[in-house]
């Protein structure tokens with residue numbers, strides 16, 4: 001079996017998993033975290049290096065193919081609001097080609113009209129042939145019907161081709177943008193909130209890599225031999241810390257009404273696409289399995305988003321709030337430099353993700369709720385952090401608005417992203433086919449059948465409750481002590497068997 005990346009462009013890395021014949025069937029969720037009892041699931045295992053070999057892939061190996069699914073894109077709205085859409089594409093620095101989309105849409109409408117006209121003529125001929133006719137007249141109608149059928153077959157083929165081309169081009173158009181989003185690149189992002197102050201130390205601070213080495217918490221060298229760069233082993237208290245963080249985050253979300261999930265960690269490529277990510281591309285962030293239609297997930301947002309795919313939900317069931325634990329796999333293509341050292345940027349990690357499906361008029365308020373939950377969680381641990389309203393060019397295609405949380409990491413000497421919260425409005429639901437049926441506001445029994453209220457697309461939102469590696473970075477660097485030990489914040493202790501401090505082996509009692 002061969003793996004290669006899939007998320008946003010055309011060239012891919014490839015990974016050969018010859019030594020893992022059952023990889024695609026066995027790499028699934030290993031933990032269901034329950035509240036309130038802290039449990040310690042199996043530790044994350046890196047992929048075997050003996051089984052993983054990186055090889056270059058040529059760009060011509062991956063040709064553009066027509067989409068196997070169709071998003072419910074409102075082309076008429078795009079046409080009627082083409083000026084706003086064009087400005088939005090420019091503000092987001094997107095490579096979407098609006099002119100081609102509009103041109104294809106007009107061609108599609110023209111061909112549709114011609115198809116409808118020919119179908120009407122064919123039906124008229126068919127009706128004429130039902131009556132009594134002279135043989136010559138009948139033969140004439142037969143010839144006319146035959147010609148119409150041939151013309152119709154050709155036009156219908158053109159219509160299918162135009163439909164696929166239009167879908168292919170239109171799917172690259174990003175979501176619209178919240179009017180309060182700052183315009184520009186990442187540097188234009190604005191600080192929404194600043195919490196706490198940087199920790200003060202009377203000694204020279206260490207980064208998490210040095211702390212982890214001295215406390216015997218990580219093994220990057222062995223992981224590099226076994227799996228390659230950007231993999232790691234967690235050891236000793238670091239294992240308990242990961243499990244404690246996961247169960248703490250899940251239990252905190254459950255207190256706030258979220259339903260816990262573990263998810264598949266391999267999904268169909270089409271589901272990745274429907275969540276707004278383009279598989280098989282340059283600088284892609286997700287591994288795909290060659291000779292299959294499957295990918296390893298880069299976030300639980302993808303499988304959770306797919307739970308209600310092609311469904312019509314009742315309005316009374318909304319909002320649906322999920323908190324999902326999964327392992328995540330990312331190629332980190334293009335990443336280099338000091339920002340990638342240690343645990344900060346890795347190929348495999350554990351994460352707890354929150355996901356909400358709601359009515360359109362509620363998504364702004366739930367976006368606010370999600371970022372407030374994140375702020376509460378990180379404040380309770382004693383982190384110093386800032387919340388950013390991310391600029392337009394830093395938004396992924398699905399996001400209408402995105403808030404990032406960056407925590408101060410004293411060992412690295414800078415802020416580092418530990419979380420984000422995005423409102424994707426109906427961008428994902430139009431692709432995933434997730435609708436709801438509004439209920440009547442009157443006391444009269446709801447109408448059914450043709451008289452039922454028309455369905456609407458739900459809005460989807462996602463937010464990270466806990467990305468384990470960066471949480472470990474923040475915890476070790478902020479709560480290090482002069483003797484080399486690290487204090488465990490109180491909220492985590494019940495989920496770590498009461499452990500209060502991680503001490504160097506030479507000073508342990």
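Any Cβ shown, glycine's included, is placed from N, Cα and C.
Features of the protein shown, as given by TrEMBL:
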{"type": "DOMAIN", "residues": "85-157", "note": "domain 'Ubiquitin-like'"}
{"type": "COILED", "residues": "101-172", "note": "coiled coil"}
{"type": "DOMAIN", "residues": "255-489", "note": "domain 'Aminoacyl-transfer RNA synthetases class-II family profile'"}
{"type": "BINDING", "residues": "299, 330, 353, 462", "note": "L-serine binding site"}
{"type": "BINDING", "residues": "330, 331, 332, 346, 347, 348, 349, 417, 418, 419, 420", "note": "ATP binding site"}
{"type": "SITE", "residues": "464", "note": "site 'Important for serine binding'"}
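Across the residues annotated as binding L-serine (299, 330, 353, 462), the widest Cα-Cα separation comes to 18 Å. The residues near the L-serine site, meaning same-chain residues not in 299, 330, 353, 462 whose C-beta sits within 8 angstroms of the mean position of the site's C-beta atoms, are 297, 298, 300, 301, 302, 328, 351, 464, in sequence order.
On the backbone, the CA of residue 330 (L-serine binding site) and the CA of residue 464 (site 'Important for serine binding') stand 16 Å apart. The Cβ of residue 462 (L-serine binding site) lies under 8 Å from the Cβ of 299, 301, 304, 305, 353, 354, 355, 356, 421, 422, 424, each of which sits 6+ residues away along the same chain. The binding-site residues shown are 347, 418, 420; of these, the one with its CA atom nearest the CA of residue 464 (site 'Important for serine binding') is 420.
Of all the binding-site residues listed here (332, 353), the one with the fewest other CB atoms within 10 A of its own CB is 332. Residue 330 (L-serine binding site) has a Cβ environment of 22 other Cβ atoms inside 10 Å. Within the model, the coiled coil (101-172) carries an average pLDDT of 85.
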